[in-house]
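Colleague: Residues or ranges marked as disulfide bond in Swiss-Prot: CYS3-CYS24, CYS6-CYS16, CYS13-CYS47, CYS27-CYS40, CYS35-CYS51.
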Amino acid sequence: GECEQCFSDGGDCTTCFNNGTGPCANCLAGYPAGCSNSDCTAFLSQCYGGC
């Protein structure tokens, strides 16, 4: 999905999450379309130390 793509394209957490407006923003809201549970867990752990 676009969330994973953001990171694989070299985006960082600021870019990919962008305070709730980036392609990974949905991860923060509970894994809707474009982010699987495992993707979000990995990204959130990477970005926020397991938040």
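Cβ atoms here come from the backbone N, Cα and C positions, even for glycine.
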Colleague: If you draw a 10 Å sphere on the Cβ of CYS13 (disulfide bond), how many other Cβ atoms land inside?
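Modeller: Around the Cβ of CYS13 (disulfide bond), 16 other Cβ atoms lie within 10 Å.
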Colleague: Three-state secondary structure of CYS3 (disulfide bond) from DSSP?
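Modeller: Note: CYS3 (disulfide bond) is helical by DSSP.
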Colleague: Determine, from DSSP, whether CYS13 (disulfide bond) sits in helix, strand or coil.
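Modeller: In the DSSP reduction, CYS13 (disulfide bond) maps to helix.
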Colleague: Do you know which of the disulfide-bonded residues CYS3, CYS6, CYS16, CYS24 has the most other C-beta atoms within 10 angstroms of its C-beta?
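Modeller: The residue with the densest Cβ neighbourhood is CYS24.
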Colleague: Hey, how far is CYS6 (disulfide bond) from CYS13 (disulfide bond), Cα to Cα, in Å?
Modeller: 9
Colleague: At the Cα level, what's the spacing in Å between CYS24 (disulfide bond) and CYS16 (disulfide bond), rounded?
Modeller: 5
Colleague: Compute the C-alpha separation of CYS3 (disulfide bond) from CYS16 (disulfide bond), stating it in Å without decimals.
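Modeller: The Cα atom of CYS3 (disulfide bond) is 7 Å away from the Cα atom of CYS16 (disulfide bond).
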